Amino acid sequence: MLRSKGDLVLGCSFCGKKEDERRRIVTGHGVSICNYCVERCAEYLRDRKPSALALMTKEEIPTPLELKAYLDQYVIGQDLAKRVLSVAVYNHYKRVAGRSLDIDSVLIEKSNVLLIGPTGSGKTLLAKTLSQKMKVPFAIADATTLTEAGYVGEDVENILLKLVQNANGDVALAERGIIFIDEIDKISRKSENVSITRDVSGEGVQQALLKIIEGTIASVPPQGGRKHPNQDMLRVDTSNILFICGGAFVGLDGIVGTRVCKNPVGFGADVKTVKERGLQLMHEDVIPDDLVKFGLIPEIIGRLPVTVALDALSKEDLRNILVRPRNAIVRQFEALFALDDVRLVFDEDALDAIAQQAIDQKTGARGLRSIVERLMLDAMFEAPSLKGKKELCITKKVVTQEEKASVRLVSERTA
């Protein structure tokens, strides 16, 4: 207990022993600790193993070539995005590893990333795969759930809490992690002019994100939710957290095209050029002013200096996603059915049909698994009850007629 105005003997909040000639007590903010407990805490911290990243020297950080090679094992296509992200991640962690070095007193600023691409193009997968290669904590946040402080919804600090939780409570490790903020385009302000009214889920959220993206010491409620007076807070330094923001930015290509073309209205050749180039405009010509016109505030654009546009996945890309990556969807289901002694076979036309369905549904790679799950439902229900070796063949007819009740997904024959 703490001494108030009287002469009460102080007690250590950790061991409970009283202050005497040999045991000295230090107090502050409602707690106290003795010199013996301080020594024990120091020993614990000395013996505690630092994270892999904390031990990683500049020479041990994977090079951009190594990072891209790792991405190639799990992500199909998006070659430009892989190269840009590999360089950005390498430079970021090289900066983190070298912060203790005084390089001509030059302060290297953080280069966060903005990914622009349609739904299902691989934005989240790219960020997650890189975090796995770097062996750092990773958290995903949905920008549409965030609101300005004081309004119903999530505070931006809750993003940091997710990262700390994914680091098993290790704040120091979380401070070297990666955060992916999805749907960043959905919090664009209503116009490029400064708002005179509250926009708590748009411009207000962008303003709230500024500090943590740039780098600050944020106070995070350990249990989540809103901050309360006298509440204990986690102090998280975001200076070394890499932020990757992503969004579809529907309509941005039109803004870019209008600026690039000298004659956007009428029947001139420039209009045809815009239609033919499509997403190529996003790769080559998008500038910060285009993003401002879309609705991002200039300050947040300045804190996302690395911008890259992802391609819409083609039918061939989607087909390759089904079979080529190390954790491809078809490989996963083959392993799953093998546990029930079932040999799973997809013919080439079936793979094409599944890819076409994903294109028709405009879900990209994200929709592939749900399509295959629906195809496999009856087979997964029946297979465990069937004894002996079995084979399941998925043909184009199965894919295109899977909604018909008369279609049987399991085709049996003697092995």
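Including glycine, each Cβ sits where the backbone N, Cα and C put it.
The feature Zn(2+) binding site is assigned by Swiss-Prot to C12, C15, C34, C37, with sequence analysis given as support. Annotation comment: Swiss-Prot describes P118, T119, G120, S121, G122, K123, T124, L125 as ATP binding site. Residues annotated as domain 'ClpX-type ZB' in Swiss-Prot: 1-53.
This view paints the features noted in Swiss-Prot onto the structure.
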| residue | record | DSSP class |
| --- | --- | --- |
| C15 | Zn(2+) binding site | coil |
| C34 | Zn(2+) binding site | strand |
| P118 | ATP binding site | coil |
| K123 | ATP binding site | helix |
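This prediction places the mean pLDDT of the domain 'ClpX-type ZB' (1-53) at 72. Cβ neighbour count for T124 (ATP binding site) (all protein chains, 10 Å cutoff from its Cβ): 16. Within 10 Å of the C-beta of T119 (ATP binding site) we count 16 further C-beta atoms, all protein chains included. Across the structure, S121 (ATP binding site) and C12 (Zn(2+) binding site) are spaced 56 Å apart at their Cα atoms.
Note: G122 (ATP binding site) has non-local neighbours V75, I76, G77, Q78, A81, L310, L313, G364, A365, i.e. same-chain residues 6+ apart with C-beta under 8 A of its own C-beta. Between the binding-site residues P118, G120, the minimum number of other C-beta atoms within 10 Å of a residue's C-beta occurs at P118. Between the C-alpha atoms of T124 (ATP binding site) and C37 (Zn(2+) binding site), the distance comes to 45 Å. The Cβ of K123 (ATP binding site) lies under 8 Å from the Cβ of L115, G117, F180, D182, G246, L310, each of which sits 6+ residues away along the same chain. Rounded to the nearest whole angstrom, the C-alpha distance between L125 (ATP binding site) and C37 (Zn(2+) binding site) is 45. Between the CA atoms of T119 (ATP binding site) and C37 (Zn(2+) binding site) there is a gap of 54 Å.
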